[in-house]
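Annotated features in TrEMBL:
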type: BINDING; residues: C:R48, C:R54; note: NADP(+) binding site
type: BINDING; residues: C:R125, C:A126, C:S127, C:N238, C:A239, C:G278, C:K293, C:A294, C:T295, C:P296, C:S297, C:R319; note: FMN binding site
Number of protein chains: 4
Amino acid sequence: MAGNSIGKLFKVTTFGESHGLALGCIVDGVPPGLDLAESDLQHDLDRRKPGTSRYTTQRREADQVKILSGVFEGKTTGTSIGLLIENADQRSQDYSRIKDIFRPSHADYTYQQKYGVRDYRGGGRASARETAMRVAAGAIAKKYLFEKCGITIRGYLAQMGDIQCEFKDWQQVSQNPFFCADEEKLIQLDELLRELKKTGDSIGAKVTIVAENVPVGLGEPVFDRLDADLAHALMSINAVKGVEIGDGFAAVTRRGSQNRDEITSAGFLSNHAGGILGGISSGQKICANIALKATPSIEIVGKSIDIHGKDVDVSTHGRHDPCVGIRAVPIAEAMMAITLMDHYLRHRAQCNDVDAINYFK
Amino acid sequence: MAGNSIGKLFKVTTFGESHGLALGCIVDGVPPGLDLAESDLQHDLDRRKPGTSRYTTQRREADQVKILSGVFEGKTTGTSIGLLIENADQRSQDYSRIKDIFRPSHADYTYQQKYGVRDYRGGGRASARETAMRVAAGAIAKKYLFEKCGITIRGYLAQMGDIQCEFKDWQQVSQNPFFCADEEKLIQLDELLRELKKTGDSIGAKVTIVAENVPVGLGEPVFDRLDADLAHALMSINAVKGVEIGDGFAAVTRRGSQNRDEITSAGFLSNHAGGILGGISSGQKICANIALKATPSIEIVGKSIDIHGKDVDVSTHGRHDPCVGIRAVPIAEAMMAITLMDHYLRHRAQCNDVDAINYFK
Amino acid sequence: MAGNSIGKLFKVTTFGESHGLALGCIVDGVPPGLDLAESDLQHDLDRRKPGTSRYTTQRREADQVKILSGVFEGKTTGTSIGLLIENADQRSQDYSRIKDIFRPSHADYTYQQKYGVRDYRGGGRASARETAMRVAAGAIAKKYLFEKCGITIRGYLAQMGDIQCEFKDWQQVSQNPFFCADEEKLIQLDELLRELKKTGDSIGAKVTIVAENVPVGLGEPVFDRLDADLAHALMSINAVKGVEIGDGFAAVTRRGSQNRDEITSAGFLSNHAGGILGGISSGQKICANIALKATPSIEIVGKSIDIHGKDVDVSTHGRHDPCVGIRAVPIAEAMMAITLMDHYLRHRAQCNDVDAINYFK
Amino acid sequence: MAGNSIGKLFKVTTFGESHGLALGCIVDGVPPGLDLAESDLQHDLDRRKPGTSRYTTQRREADQVKILSGVFEGKTTGTSIGLLIENADQRSQDYSRIKDIFRPSHADYTYQQKYGVRDYRGGGRASARETAMRVAAGAIAKKYLFEKCGITIRGYLAQMGDIQCEFKDWQQVSQNPFFCADEEKLIQLDELLRELKKTGDSIGAKVTIVAENVPVGLGEPVFDRLDADLAHALMSINAVKGVEIGDGFAAVTRRGSQNRDEITSAGFLSNHAGGILGGISSGQKICANIALKATPSIEIVGKSIDIHGKDVDVSTHGRHDPCVGIRAVPIAEAMMAITLMDHYLRHRAQCNDVDAINYFK
């Protein structure tokens, strides 16, 4: 059916292949009266875009977004917003070699089997290039949520391979090409990535996303819980294999007496739950972690088959990120923003007559 | 808005509170001509139902399901199927004590803040009792998928606290009250649960779900990926805080050369991806893990506030599971079944003209 | 897929066959805090229910609705509301005769062809009995809309056969069994229906529905226009073959200079548009007409075929309404209420920051 | 919320204003392997496009559509198809005069009240220019349905003002600028339009759409009936005020014995129902009529108010169609095609295991 939309009230629908003419997006349900310009979207697009450091793919894309509708005299009109980014640096010849091959751990095999046809150029629709449009749409959500309730949604690289990067401060995150919040780890990260380049390998990563100032009450039990919709949105990002809300898998070994978040008249005493109780935001920080696998597009030769079922050796010499987790940070922020925006509007629809009470001193 | 439905073509909509008159469900989109009787649903309902062993809540519920529509002369007719389970053992008096209290780490606080009103009896809609209907609906999906493609969907308890339970064999799972696939761990599990009862505490758990014989091609990139929809469905289960597809968070420390699933003319050489590539099923086993937190409903006194914002001590003496992870097994199976069923129908809608090719010897 | 739901934010999902155990419904998205009791739903159910006058089917059904969830201590809680009506007077034997026959102009043929199986008892799911649940759900919408904005939604029989019934006053409508607003036509209506009973025939009708005090701004261009969603909701009622908004087909012969609704500082000078401009409510009365065909269930013998393709004669001696248009009045009111409620919530979600201006003296 | 999408499995989402940079559309759910080129869409776009005859607006637009994604090497890939048409002949100065005025019977007033802001240039999003994208999307549906089942979807002008145009033959329809199937009426139509130009007025119209070779079984009772979804799709077209399926309002005065469609082993004896029974296609021709109001954009001075509530006179000297019903023909065809395509895929999803039987000789 139709799988290229996300959100119910704030609905984002995307199109575009890695090496097609353009990437596009329709953002529907944006409240009217929001000041919006292309520059509001460009900042996050630039954070995601390739070729900005030696640590990411060298493909060069300006990722210049055009707003084609839904904004008039600088304000959103409440109608659908059309966004477009033209593909510049396509170099399809890079890919002709693997036209007839199923790259291992890529979507080549499953797209071919599902659709009987596929755009093999750079992974076509399965390429992470598609996420540029998520970032553009997410930037609209971020802007509205911040202006409306002061919500901030930020992420950082929490781990790359065995290198754990604690959260030190947000300033740091924007001052290095790794979205790392821990200055002390920058050298190790650099060394690991240089070594991977040398060996022609890649590495997995963990990214943490935090939303602050989220009002209590967002989320629709029982199926459209905020945590369930976040899991959906984050797991839909390329290469993501796991999602945690709050402490996630650490809860497996904990007892109720250790894991529960006690409450006093001064507020919550802890936030193991990651800001969501019963699928509804609690007013605490919303925290989520995602696990990203290492890209299988590496130079080290691997086994696979071609479209005739013949055994072949595969080695990827195209332009790839040694750690896709790095550029996943703005993408994951965008997906959390889209999800929160959708639930902000949903909550307003059903519960607008209700005022939350401030129980805390 | 409306958060009580899941699935697009196979759509499940539920209602009912822990201590209301009844739980109910409408299953819409079931193909016609499927042999279906209440006994087909009862088996899984009995696996989930409370009071079956000393290790679960002592609340007694027959959980007898009635099919009210959509089945005629033993066959589904293609119209919506109405299901009903009446609540028997309600004992609301158990809960009157906590009427004015927000139990820590429960949904009491967030429901009150979101809706301005809540059914405090046993957690009302937020109670895991709601999941009985998911199990009933999942049983329909399981039956159709098995009869149509031989798909089996089974789960087991992978870990409780620090006790890891490897997968040994499926027979074992049905022969103990823990859904444990590793006979050697039964004594440890029993001891842990006895100790928790004594201390009035609870414990977290990890559950693994495996679907076999799933055809290649299920899943709708880019947002309704099969893994994304599974993450949504599984994270929507009460107490779930994390979801992994395949190796999940283990991918963080792995290199591309270690983590990719190579392919040969004899088939895939590994399944780190958990049977999903690019959001589409690969024909391999689909594997997912979920992390369940320990229930905060414990006897050990904890801090909280009441609906007037006053500090109070909370201790729960109601009837609760020391490890909610145990009964989560059939629930998680049901959520995976509902998700696969939805995508089976979705795939048939768009790609019915395409025949997958068998590439493997 | 799943066709038994209507509404996006105020979502109504129904189940149940004419001669099944029960009819049921889940109403999802109801705002919390609304005072609601079964008696609030029963009034409209009684207006629709059969056997209340000599002019409708003699099937006897109390149509007593039970609220199974979503209401606690007399107030809606914001969770899904489960409704149930048990079927009492089923008399399946009435129908065994036509078990193998496709009644002309009924859904027998199309259900059999679509699903390969059908519940032949009284038309099964295709029976207008299904509409009882629409009326129950609509009553919730009506109550909320009236309490919130003073919106009233009322209908009347505008025409039966050649008898046109002008609108005189609303009082009259509740004082006769025809929902007729024109006292002078009651004798003619009675005579026509007696004559139809004698000849064993039936007749078509036109029903008009009017919503007053609807705020300006409801409707979502471009596809979910208020008029488009009303057309969908009204055309989904059994036997409806046409829908008009405002003057409808009369606009075909009119010129722009005759048909436009001019505006002055005192307000609109006319309402040819029926209260909707560009798919959005204008603040004027919303008016819609529907055309209902005569039921094909008549005693006069007609030609058809049986399930073996053999020619047969069909004559229906079951219990049927000589004019289904009569009881369609409360059903059409309910469908308009459900549609307005959905758009009321949708408008609040997106445009809550906007205040409409009163331009009129 | 999000009102710019139509269809569930074949989903069309549009953006664009009359005088914005471009119109765009995403068509999601298109089956893979369909041969598709821009030329396949251009034919219907050219039938709808302005400036092709003296009887339509003189605005000049090439309406050249670009396919930006979802098609590779001439075939659809199953991914979302992005379509774009750039606006050429914008002439915004035409509209600056009415910047502060609510044109009577236009959407100016309701958009302003709903959104608090509006793009006043040529009606912005409310302009019928938006329908170009519906025509492009509909052309994809038409092509698939024809290649797959030989379904044809064609429309004609059935009435303009008092001039009734019977259906004579389809050839005729493409040989005159009115989409008229009755050659004898061409002179009258021409005279009426010349007279309207002179007097600066406009006129209403009726359009009939017919789908042939539609298989039995399309439609999802009870809310997503085929007729209900057609009513929604057709009523969503600008200026449409009424929808009829089959004989529509003529059924009001008919008796069951006159109106029912009898069946014999040779087939149906009539088609008063318009090819839909119980919301499901019967295999007969599907026929629908729509009523279009005269455009209120006329030179004859009319009363209205400005955005300050002051009384003003309005006279439109922009470029407008004297009868918008003419160009509505390809638009209505497109909306029927989109609806049938969606239900074709929906039927395949749920009932693919069922084979319809040919009961007729």
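One is the number of the first residue shown, and numbering goes on along the chain from there.
Any Cβ shown, glycine's included, is placed from N, Cα and C.
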Message: I'd like to know which binding-site residues lie near chain B: of C:R54, C:R125, C:S127, C:K293, C:T295, which have a CB under 8 A from one of its CB atoms?
response: C:R125
Field: binding-site residues (C:R48, C:R54, C:R125, C:K293), the one with most neighbouring Cβ atoms at 10 Å
entry: C:K293
Separation of alpha carbons, C:A239 (FMN binding site) and C:R54 (NADP(+) binding site) (Å): 21
- line: For C:T295 (FMN binding site) and C:R48 (NADP(+) binding site), the CA-to-CA distance in whole Å is 17
Message: Counting only residues 6+ away in sequence within the same chain, which have a CB under 8 Å from the CB of C:A239 (FMN binding site)?
response: C:A128, C:L292, C:K293, C:T295, C:V324, C:G325, C:A328
Message: Under 8 Å Cβ-Cβ to anything in chain D: which of these binding-site residues pass, C:R54, C:R125, C:S127, C:K293, C:T295?
response: C:R125, C:K293, C:T295
Query: Hey, which of the binding-site residues C:S127, C:S297 is the loneliest by Cβ count within 10 Å?
result: C:S127
Statement: Cα nearest C:R48 (NADP(+) binding site) among binding-site residues (C:R125, C:S127, C:S297) -> C:S127
